[in-house]
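Database features, via Swiss-Prot:
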type	residues	note
SIGNAL	1-24	signal peptide
DISULFID	CYS31-CYS724	disulfide bond
DISULFID	CYS173-CYS725	disulfide bond
Amino acid sequence: MKKRIPTLLATMIATALYSQQGLAADLASQCMLGVPSYDRPLVQGDTNDLPVTINADHAKGDYPDDAVFTGSVDIMQGNSRLQADEVQLHQKEAPGQPEPVRTVDALGNVHYDDNQVILKGPKGWANLNTKDTNVWEGDYQMVGRQGRGKADLMKQRGENRYTILDNGSFTSCLPGSDTWSVVGSEIIHDREEQVAEIWNARFKVGPVPIFYSPYLQLPVGDKRRSGFLIPNAKYTTTNYFEFYLPYYWNIAPNMDATITPHYMHRRGNIMWENEFRYLSQAGAGLMELDYLPSDKVYKDEHPNDDSSRRWLFYWNHSGVMDQVWRFNVDYTKVSDPSYFNDFDNKYGSSTDGYATQKFSVGYAVQNFNATVSTKQFQVFSEQNTSSYSAEPQLDVNYYQNDVGPFDTRIYGQAVHFVNTRDDMPEATRVHLEPTINLPLSNNWGSINTEAKLLATHYQQTNLDWYNSRNTTRLAESANRVMPQFKVDGRMVFERDMEMLAPGYTQTLEPRAQYLYVPYRDQSKIYNYDSSLLQSDYSGLFRDRTYGGLDRIASANQVTTGVTSRIYDDAAVERFNISVGQIYYFTESRTGDDNITWENDDKTGSLVWAGDTYWRISDRWGLRGGIQYDTRLDNVATSNSSIEYRRDEDRLVQLNYRYASPEYIQATLPKYYSTAEQYKNGISQVGAVASWPIADRWSIVGAYYYDTNANKQADSMLGVQYSSCCYAIRVGYERKLNGWDNDKQHAVYDNAIGFNIELRGLSSNYGLGTQEMLRSNILPYQNTL
């Protein structure tokens, strides 16, 4: 048994199988032009019983034991063909075998081919019964896929399952190019397992040996196999030189893992990144455990911390059992608040402001469902560590539709709130919400009348510290009962646009809603989970101004809006525009003195919102939205983008995004107090582009400029060269990475990345643009 020791050489070889699976069709077709195809009718099933056909210029022999054929000898059986200048056929009876053993020796210009491989050499041998074949001092070429090489001895075994090379070489480069190759004392290519095993392997770039390994495995197909993946290297101002060496472990058909040693020069250690994926009867999930044993930079910056170990744990699970039980996990936790500032990770970002740890178990049958959950938050702030967790929370829904003309629902919730600080208020909240609806509709409109009762009880504890520092004191026990009444009407009109655009249809969809909720003073209730909701067009018609249940604003308002859509003759939506407003007859209030606009007594048209989408053509698209809130005295949020998209590799997008500081403060008050970079709001204009710039060259770029700070926000540039046997990618990224409180300016991280993949081993010929777009700090979002 030969010892199997994977090394860095394997990482350079195994790249193609696990690289991105986008397909550049033109490059793939170009590469396949240099690969031979099987052009004879394919014979299925067992070919051993098929007759052997021999053509030659001359033949002589001692029938039936021996025969010699000379001059353009051509032997065929099933899918196999052997050609040579001279062939000696031997046939002998084997004890216990019903058929004689037939072998051939071939001399001069030996050519063997089947639907899998072509072998060429000066001398050959074959067993016509088993299809075992030997060719000496020759070369080989795979059929229908890239892969070729040379060997002292080439053997076909196991009904053409195995190709075995003695002192052989392998490359996926097309004939005439030996950019890279692998040479080994023995190479075994297993077509069923789609793998090549190589002993005493030397990896060469051109004629120069670069790496050596006593043993390695090389994937030669798209089948899942354990092995090293694409190695990666980059340089960042945060961690200096970084190198990734991922290893894929195919544990079982329903589970696998990726183990990545991640070396960071500045940190002085290796972070072990372990990703585990599974599929079971209870559902599917993914776990990630990243662990850095020690961090010399963190130790220097935080001398008072007992440990410099850095770690991340992430778990996402979703599953259904017995059609009624539901299990969900969304859990992210890190060792310290600075983790996402120091390390890039797809499971979190410093701009999120917090990480969530949520577990839930649900039960659902017809007309009823219940969920028990726990939810905690880890705030990424060393100044403000206060956060509330729900430990536990019970949500119950009961539905009963078609009760006469009515639909009914009862929603209930019980939750216990706990704070990370010992001196902050805590509470148990019980909420009950019965609802009755009267829905009426026809083919051109609908009206829904709804009435509900909002009944909530609070039992609050640990109030001494808060009450001693605030004029408005919290109550240990508080009840809030609020009826709610709503009427929501919609109509849909449509017309043919034969005069302007034959085959096109335009709709006009007016909508009006009246909402009434009486005022209840909620100043004696602490705000545990409520925040202002975004008021885009669809948000204008919400029942609530705030998310959560701690703040339910009074309402005596009418919301009106209109949407118009245009469909082409294939029923594809080409254009839509929506405009709406909320008109307040009385001020919307909660009694919370911390909500500044409740002191303004503003009524009338306070909130406006609009959204639009225009698919100008199959390649051009425009999308935008704006929300104006007079309570904030300005535009709250807006966004717009225009995009040209020819295909997945050719696109250009211009976009703008805006959020006022007042809006950020109202929606994220705790995060706003510590996120200095957003004190002036967000006003950024950006561009994203991806394009093949020359033959086999592609480029991706993104640039965002902060118009408030008059400086660059984030940028990225990536260039990739793709050929039939390798691809090289170089990328640069500059991104916002926190705020320096001492120097009062933003902190940026600069990163330069580089990687190589070997092509032709799998079906991937992608130009790399989609992967580079997704890896950007501000990921590309499709407008079309």
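Cβ from N, Cα, C; glycine included.
Cα separation, CYS724 (disulfide bond) to CYS173 (disulfide bond), rounded: 6 Å.
When secondary structure is read from DSSP and collapsed to three states, CYS173 (disulfide bond) falls in the coil class. Here the Cβ of CYS724 (disulfide bond) has 23 other Cβ atoms within 10 Å, regardless of which shown protein chain they belong to. Spacing of CYS725 (disulfide bond) relative to CYS31 (disulfide bond) is 9 Å (Cα to Cα, whole number). With respect to their backbone Cα atoms, CYS173 (disulfide bond) and CYS31 (disulfide bond) stand 9 Å from each other.
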